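In TrEMBL this protein carries:
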- 69-221: domain 'Cytochrome c' (DOMAIN)
- Cys82, Cys85, His86, Met205: heme c binding site (BINDING)
- 248-268: transmembrane segment (TRANSMEM)
Amino acid sequence: MTSTFSFFKAATRWSKNHKFFLTSFGVLAGGGSSLIYALEQSIHASNDAAHVAKQKWNHNGWFDTLDHASVRRGWEVYKNVCAACHSIEYLAYRELVGVCLTEDEAKAEAAEQMIDDGPDETGAMYKRPGKLSDILPKPYPNEEAGRYANGGAYPPDLTYITQARIDGENYIFALLTGYMDPPAGISLAENQHYNPYFPGGAIGMAQALYDEIIEYGDGTPATQSQCAKDVITFLKWCAEPEHDTRKLFAMKAFTILGVLNLVVWYLHRHYWSVLKSRKILQSPKSLFKK
């Protein structure tokens, strides 16, 4: 209470320039925040794509971790379906060890790929079997080849796709499972397909996931929605491989801070109890006069 009174007492002595500066700063901060929010809402409102439904993801809670069985199945979906067009060029085979594959499995997967390397002692480039230190190979040698193979549309890299799209996981799930026939009055160009969740509705990527398109190694039924859920969980791990570790550290930090807070509270009560509970007796001088 005393500190609050002192603050307001000091504030009365502020110059007019200080008050003007603080008032202007508050107005600008509030106006800027409102403008940013309005612009963001206008972007969403101008988007002609269908509204994306919210899905319940196992990893979205504060203390929830990634479903690692789903991550492993998602790797199977990516390897057998998505890798034909999309790259994950910021992920190395060694990072799959202990997450999606064992070390021997990862070495075998890498060795199946022939990687450009060199130059050798003659100055020539050569190909060699892949190693754990190699990144996952791209499906196309360059962007032009990718566009030529996909009717002018270039398949994006998927390493950080869940972070690069608004409402990441929900949007990708809706996109993968939302293909349909175009409604009356909408015509599509050659090699285009209709998906209401894609801006404009016309998308160059054909529907990739169907029921039983692959067979999971653990026997899970490979429905379209299950495949979409698994590959999105895998891509979430690609974008945030430290996801579980970060939440574990946060839990440890909150636990330690909670204990320290109790210790500080006790010490505060202990050291200040004498001062806060003291009683000051004021005796008039007349009582001491003879």
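Glycine residues also receive a Cβ, built from the backbone N, Cα and C atoms like all the rest.
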Residues within 8 Å of the Cys82, Cys85, His86, Met205 Cβ centre (excluding the heme c site residues themselves): Val81, Ala83, Ala84, Pro155, Leu158, Ala208
Predicted model, mean pLDDT over the domain 'Cytochrome c' (69-221): 92
Other parts of the chain folded back onto the transmembrane segment (248-268), taken as Cβ under 8 Å at six or more residues beyond its ends: 62-63
Residues Cys82, Cys85, His86, Met205 binding heme c per the record - widest CA separation, whole Å: 11
Set of same-chain residues at least 6 away whose C-beta sits under 8 angstroms from His86 (heme c binding site): Tyr78, Pro139, Pro155, Pro156, Asp157, Leu158
